[in-house]
Amino acid sequence: MIRFAKYHGCGNNFIIADEADVAGQDYSRLAVSVCSMATGIGADGFIVVRKEPALEMVFYNMDGSRAPMCGNGIRCFAAFCYDNGIQTAESYPVQTLAGEMIVNRISTDPFLVKIQMGKPSFRCQDFGVLNGAENFLNQRLETTEGAFTVSSCFMGTVHTVVWVEEFPSETAASQLSNHPVFSEKTNVNFVKKIDSATLEIKTYERGVGFTYACGTGACASVVMGIREGKTDRKVTVQLPYGELIIEQLADGEVTMTGPAVKVAEGTYIQDR
C-alpha cells in the first residue's frame, strides 16, 4: 500500500507520493497504474518527491513516460512539500530534469506560488527537431484537417505554439503532437488572443491528450506572443479552472504565478 495525496493546479491534476513511500517501485509502471481513470485513482500525472541529496520533483506522464518538467505539477509539488513539512521556506530551489526551478510562496490560504521557470530555448537541438535548421519558427505542418502555422521552443519541455481563432479537434492536435519532424513528439498549445494582456489556451500534452491546463505551455505561449509582438510581457492566461499570470522579465527569465489545491489523500492498494 502506498500513501498518496492528489492535488490540482487550474484543473491539471496529479498523484503525489514521498519517495520513502514508493521505495523499490518501478515509477513508470506505477504512474500508469495510479493515473488510470478506470482502475486507479485517476490523474494527468504522477509526482515523486525526492528529498536527498537535494529536493527534486520526479515527474511522469499518465502513460508512464518521464517528463523533464511540469509547470502545474511543480506548484502542486510545492503545496505537498508545505503541507507535509518537507519544505516551508518562502523561497527555495527544486531540481528537475529541465534544471533548477525556484519556488516563491506568495500565500498559503489560498496556496499561491510564483515559479522562476528559467529561460526559453529556440534551438532545434534542444527540443528534438532534427532537420538541420537553427530554429523552428512559423513553420507549416499538414494534418488531415488542414495546415497549421506552428512555432516551437524548449520551455522546461518541448512546446509548439499555434495561434487560432477556434480550437481544433483532438485528431488534428494528435497529428501535430506526433508529427515526425519532432523526434520526441511535442506538446501543442492552441492559443486564442483575447487582447495583448489576456490569452485563452488549450494544450494537447504528449502522452496525455487535451488537458485543462499546462503551466509550461502557458509560458511557451506567452514567450512566443512576446517574440511575435502579439502580447505584453505580462499576461493573464485564462483556463477552465483558474488563471495563471505569466511574465517574461528583461533578462529573458520567465515566471509563472498560480494556485495549487489539495483534493484528497489516502492509501493506494496496488494491483498484484
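Every residue, even glycine, has its Cβ placed from backbone N, Cα and C.
Whatever TrEMBL says is automated annotation, not expert-curated.
Going by what TrEMBL states, the substrate site holds N61, G71, N72, N187, E205, R206, G215, T216, and the candidate of N12, N131, N135 recorded there is N12. Every protein chain shown contributes to the tally, and the Cβ of T216 (substrate binding site) ends up with 32 other Cβ atoms within 10 Å. Among the recorded positions N187, R206, C214, T216, the ones whose Cα is located within 10 Å of the Cα of C70 (active site) are C214, T216.
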